[in-house]
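Okay, so here's the structure we're looking at.
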Amino acid sequence: MAHTSLLLALSLITISLALLSQGSQAQLSSTFYSTSCSNVSAIVRSVVQQAQSSDPRIYASLTRLFFHDCFVDGCDGSLLLDDSATIQSEKDATPNKNSARGFDVVDNIKTAVENACPGIVSCADILAITAEASVNLAGGPSWTVLLGRRDSTTANQAGANNLPSPFDSLSTLESKFSAVGLDDTDLATLSGAHTFGRAQCRFFSNRLYNFSGTGSPDPSLNPSYLTTLQQNCPQGGDGTVLNNLDPTTPNTFDNNYYTNLQNNRGLLQSDQELLSTSGASTASTVNSYAGSQSTFFQNFAQSMINMGNITPLTGSSGEIRSNCRKSKFFLPRDDKIEAWVLKSVSRKWKDYKHELKSKYKTANRTQEEIASDVPPEIMPQQWIDLVRNWFSERSENLSRIGRASRANHTTPHTTGSKSFARKRNEFGRDGDYLFRIVHNPNLRFLTRYIPNPIPSLYVSAIMDTNVIPNEIPIGLVQMGEKKVKEQNQCCVERCDEETSSRSNAMIRRKKIRQQRILKESEVADLLRDYSTDLLRDYSKKANLKVLLN
Ligand code: HEM
């Protein structure tokens, strides 16, 4: 039974959290920033262009960032998050580490955009606009970028480790593209981005010496191209040496990538396979683009739009980061915070069970009737167990005792159903003082003056401490370092002005109230957006806690 309830608890909370974390799926739109940040595209383009003057490769590098962002849980800027206490960055995944580049330019773009329209444009959209500007500035097509994406609060390193690899077979590449809703034409078209930029020897040197364990080079490599590559990437040499992905026009966005493939001059295995794999469905696309740059350009624009549509966060999902490298909201793992999260999730869980019971267990319904009315989000067997539990003798007894006990109260009791021990634990060391006053028979009179329920500020006033129960620890959710600094600074100034007329304790309390950035209820709303490992982790523990209570 305990096992079944544990499963029930885990699945219910997972379902409810999953439901809570679903955002609205609004459509992206070309006019998303037309009133809030009308010249965002021009700002982005100008910073990108400026960056190219000192880094001829940057157009290619920035274009690649959009691909690596979109393929991991959608275009949500997750690639841009730095490693931190709570984030295992995608930047550190194998396909990106010492490979993906241009992050400092994205920072410059973000700064320029924030200066013009603070807090409006997501990092995910910045990557989309940046990719279009880069392709176009390098001589490629232009297209209308659809916008309105929001930024993730988490990264997915494991997802990034599964990005398409240059060593993948054509069928694996096809299935990785199809997994994100892109077809073989998108695969052949988007690979055309290898018309500019560089690749390190380590990503293809297996083709030069020992292809697929044959002890010989890849037979699909043009012999003179093979010699050139062998010179640039000697066996056992430095794997980080750079090579042009398009040996003919390395920095220009054109259709030469496809003519190269026809000449067996595709640099990566994943490139040449598009044409050389026997029966490849992508071969006809390659040949058609080799013959017509305009067809390639037209289709490339469409495929970039398709890629940009991969599961964006929209509406109220995610956030708009002010710094692309970190989420505004972070939950550092420490005991205080873990305790708060556990408490918060445990309360939600309790409320959810209460909601279910009051909705389904009405006076005139039998156990069988309720058991057969399975809520859509609950597994039938688990529902049956839960309903059986409601009707069990133990549960009925507990309800009866609780009702009788509540009816016997002559003075309002402020702690609800919590035990004294639990309440004392919650109040902490300082709370003990309050606890002793309130529950000291000689000081009973005091309780009459305490409104019901005890407002937390009132409690803290009696205690003369800085601990304000039921409010979250300061700094749990920080709105970016700058804002915190500003708030603290202005608090210090205000507090100084007031020193003459107020006691130190009052000033301290006021300072704390001002420093507190979000209330628990607000954070609870934010937590809904966290369908992450972190919260799942906590919620599992919370379940155990609930069950043990
Ligand atoms: C089809 C699957 C793909 C594979 C296996 C692949 C693989 C690679 C690899 C191994 C590199 C070299 C990285 C390095 O040496 O550090 C590279 C570079 C690049 N990729 Fe891809 N790629 C693929 C698709 C794409 C797509 C869809 C785009 C964009 C639409 C893209 C854009 C680029 C660009 C522009 C570069 C050069 C980057 C630079 O110079 O910094 N790739 N790709």
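Cβ coordinates are placed from backbone N, Cα and C, and glycine is handled just like the others.
Remember, TrEMBL labels are computer predictions, not curated facts.
What you are looking at is a predicted structure, and each value in this text was computed from that prediction instead of being measured.
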Disulphide bridge to C123 as given by TrEMBL, partner from C37, C201, C233, C324: C324
Site-mate of D69, V72, G74, D76, S78 for Ca(2+) 1 in TrEMBL, selected among E90, E114: E90
Further binder of Ca(2+) 2 named by TrEMBL next to D246, T249, D254, taken from the candidates T189, T195, T295, T311: T195
Per TrEMBL, cysteine bonded by disulfide to C37 (from C75, C117, C201): C117
Among C37, R64, C75, C233, the recorded positions whose C-beta sits under 6 Å from ligand 1: R64
Fewest other Cβ within 10 angstroms of its own Cβ, chosen from the disulfide-bonded residues C75, C117, C123, C233: C117
By Cα-Cα distance, the member of disulfide-bonded residues C75, C233, C324 nearest C37 (disulfide bond): C324
Densest Cβ neighbourhood among C70, C324 (disulfide-bonded residues), 10 Å radius: C70
Averaged pLDDT, computed only over the residues in the domain 'Plant heme peroxidase family profile' (27-328): 96
